[in-house]
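For reference, TrEMBL has these:
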COMPBIAS  127-139  compositional bias 'Polar residues'
COMPBIAS  140-156  compositional bias 'Basic and acidic residues'
DOMAIN    33-87  domain 'Amino acid transporter transmembrane'
DOMAIN    192-493  domain 'Amino acid transporter transmembrane'
REGION    96-165  region 'Disordered'
TRANSMEM  35-55  transmembrane segment
TRANSMEM  61-82  transmembrane segment
TRANSMEM  199-224  transmembrane segment
TRANSMEM  244-263  transmembrane segment
TRANSMEM  275-293  transmembrane segment
TRANSMEM  305-324  transmembrane segment
TRANSMEM  345-367  transmembrane segment
TRANSMEM  400-424  transmembrane segment
TRANSMEM  445-468  transmembrane segment
TRANSMEM  474-491  transmembrane segment
TRANSMEM  516-537  transmembrane segment
Amino acid sequence: MENSNENDSNLNQDKTNDRIREDTKIGVTYGKWTTLTYFFNMIIGAGILTIPVGFQKSGLILAPIFMVFVSFLSYITVTYMVEVQASGNAIAKHLEKEEKQEENTINSGNSGKKEKTIEDETDSENSETQRLIEPNNSKITKEDMESDSSKNKKENQEEELLGEEKQKLKKYEDSEFSITKRLEMGYLSELFLGKTGVIIFYIALVLYLYGCLSIYSVSVPTTLSRVISSFSMGKLHFSEYNSYYLYLTIFALVTIPWAFFRFQNTKILQLFTMSLRNVCIFTMIVLLITYISDGKGADPKNLKWFSVGGLPNLFGASIFSMMCHHSISGLISPVRNKRKINTYVLVDFIVITLIYILLALFAVLSFGDVTKSKCGSDPGPPCKIQPLITLNFSSYHIRFFANFLALFPVFTLTTNFPMMAITLKFNIEIIVTRRFKCKSWVRPFFALAAAIPPIIIAFSTRNIGFLVNLTGNYAGLIIMFPIPSLLLWASRRKLKKILGHSHPENIHKTPFKHDFWVWLILGWSLFCFGLATYNVATGNF
């Protein structure tokens, strides 16, 4: 019975080993500033537009504290994923090394005589070459010696210039735990958590991607219907309410076809989106500061300062705004100097958290006590904080800023939708093809399965707050907190089992290595799950 279990375990390990070799090569590498840029662009997304309303409901004291705490825990689980990535690389290298040793043993047994003959021939050739070289060596001149001496000096100087940093990099590359393979989160779940872990991960990831696409599908037509408002086309009249469905239909017709393609070389699109997003955020902060400095801000007496009841709204938005864990492997694998990867991530998390807090605080201090439900598309008075903060600027008196900020989600989310839909398509394909053999004509249906359901959801509801909370508090919560924590725990156990208890220390070991942090994050996840469920059940979103 024990042998049977052991054989099954070995068989599963062989299958896993085959899978982790698939598509693990690292392509083009990049340096420090590109790393910081890519991480920044991955983390700071459309979620920032939903944070101010969560700040308003949670209070000006509680909300920043809570935001920093969630950001801190999110950073911890990112360091978990870096350690798990390194552990996966170490196991993959160990298994490959064992296989090569087995192959060498088999080959040496079958062709021992042949190898010996080749070695003898090689030795003979080397001795003959040596005899040809030796007479020339006896005629070395003084000029040759001086030339060699200067050449050696130059080489020594070059070696010194390489410095300590190069030596450290070489030492890193020689380590078992160096990240030289790109192992996706799905593969890591299979390697360390088994079938159950893979199922949970892919379900959470697919639901999260569906949630993101649904939020995009609602945000774009909502923005257009608010900015353009009512209009007529011949005998047809579209009110602000009805025009939403027209814009959603157009959005679907424009974006769904892109789900049938692959995305490659998206660097220009990423840089464009990031530049536009940063300009938008900077503009909003400047306009809000100007508004407050002109004495038009909210009365502090009418604002919430500490409201625990509003936390579920902020928690969903903060998770949606801090998510990058599912893309860690693609972000860190191409980095040249991976020894400082945790520092790079920490810098980005600090900057992004400060940006989130500043934008949200200035928004609440500007419009926190306004009671008007919606902002018009013409210059006029402000309205209460909207589910997308950009909509608060649609009535701004300088029309260029009003239109630019109000239409910002249209530009960025319309470009993000195809990339997210393609990602979802590939994950659906992985889930289905693992279980069933699919013919080529089935593949287009994966694209339809990815792109159409979010559009249907957008036709069913316009409640962005509900979608953000549902996506962040459930699927996002699982991907950000429990899965990285369980992967860390399981990877450490598997390392001891495969490499032995005395294996070298993981050079990418998280600074938060004590089990206390794992249990804190798992306990925090359960608490937030319960709080979110209560929030949804009571309709408080």
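Glycine is no exception: its Cβ is also placed from the backbone N, Cα and C atoms.
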Contact yes or no, the transmembrane segment (445-468) and the transmembrane segment (35-55), 3+ Cβ pairs under 8 Å, gap 6+
yes
Intrachain neighbours beyond the transmembrane segment (474-491), with Cβ under 8 angstroms and 6 or more residues off its ends
73-74, 77-78, 80-81, 83-84, 87-88, 185, 188-189, 192-193, 197, 200-201, 204-205, 207-208, 211, 316, 319-320, 322-323, 325-326, 510, 515, 518, 521-522, 524-525, 528-529, 532
Ranking 61-82, 275-293, 400-424 by Cβ pairs under 8 Å to the transmembrane segment (244-263), which is first?
400-424
By DSSP assignment, list the helix, strand and coil residue numbers for the domain 'Amino acid transporter transmembrane' (33-87), in that order.
50 helix, 0 strand, 5 coil
Counting Cβ pairs under 8 Å to the transmembrane segment (275-293), which of 61-82, 199-224, 400-424, 516-537 comes out on top?
400-424
Could you check if the transmembrane segment (199-224) is in contact with the transmembrane segment (516-537), meaning 3+ Cβ pairs under 8 Å among residue pairs at least 6 apart in sequence?
no
